[in-house]
């Protein structure tokens with residue numbers, strides 16, 4: 001795309017949460033690539049955090065954007081969840097939903113689908129309240145910092161989750177590799193990284209504005225996770241893609257990885 005990589009300043013000034021939500025999370029019941037991508041992620045997260053899956057005390061979601069769907073499966077398995085994002089507007093959107101303020105985004109379709117996966121679609125309101133209860137804080141994050149949550153300092157977490165965010169925050173493979181090491185610093189030894197990365201994606205649209213990404217290959221993502229000090233426990237490649245991206249991408253990669261014990 002023209003004009004160079006869209007960094008943090010551009011996100012702070014120009015990333016509009018409602019345009020993003022309308023583009024990628026507006027569901028009227030008809031099939032769409034965006035709806036299928038959401039279902040794919042919810043299914044992967046259900047398998048990861050559902051019965052017999054990952055659990056613990058603390059989970060940190062990095063690059064939450066204005067969305068909460070990514071922690072629906074985890075809210076029954078972790079007692080203390082942190083949401084985080086770089087931009088003020090996205091954090092304000094999260095707080096609006098958490099506090100049930102007028103005009104908060106309606107996540108009902110996603111919550112109902114998550115509950116269907118759990119075998120009880122009727123408990124969606126209970127699910128929302130459980131999530132609101134276990135999200136303890138919404139923080140600013142910057143994956144390029146040694147402590148991505150600075151100035152906040154949290155105890156090492158049992159799980160770090162980051163979905164469809166790192167490829168948007170990093171301008172190069174080297175930056176992505178460094179950012180993964182920064183995320184690893186937030187985890188306990190033996191803690192887990194859970195991530196979805198869109199592959200071969202160089203840009204995406206939010207409303208009428210284009211934001212850039214680093215185009216990553218599956219093998220590059222896999223090697224970067226290994227080099228950041230993780231053992232990969234699950235790697236799932238799917239051809240799922242969005243309809244409003246540059247269309248040259250090659251699906252998504254969902255990874256569950258365990259941080260190796262330190263020396």
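Positions of Cβ are set from backbone N, Cα and C atoms, glycine also.
Keep in mind that what you see is a predicted model, and the values were worked out from it rather than measured.
These features come from TrEMBL:
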BINDING   20, 25, 63, 64, 69, 85, 90, 142, 143  S-adenosyl-L-methionine binding site
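The Cβ of residue 143 (S-adenosyl-L-methionine binding site) has 23 other Cβ atoms within 10 Å, all protein chains considered. Every protein chain shown contributes to the tally, and the Cβ of residue 69 (S-adenosyl-L-methionine binding site) ends up with 20 other Cβ atoms within 10 Å. The number of other Cβ atoms within 10 Å of the Cβ belonging to residue 90 (S-adenosyl-L-methionine binding site), over all protein chains shown, comes to 25. Comparing local CB density within 10 A for the binding-site residues 20, 63, the maximum falls on 63. Residues listed for S-adenosyl-L-methionine, 20, 25, 63, 64, 69, 85, 90, 142, 143, cover a largest CA to CA span of 24 Å.
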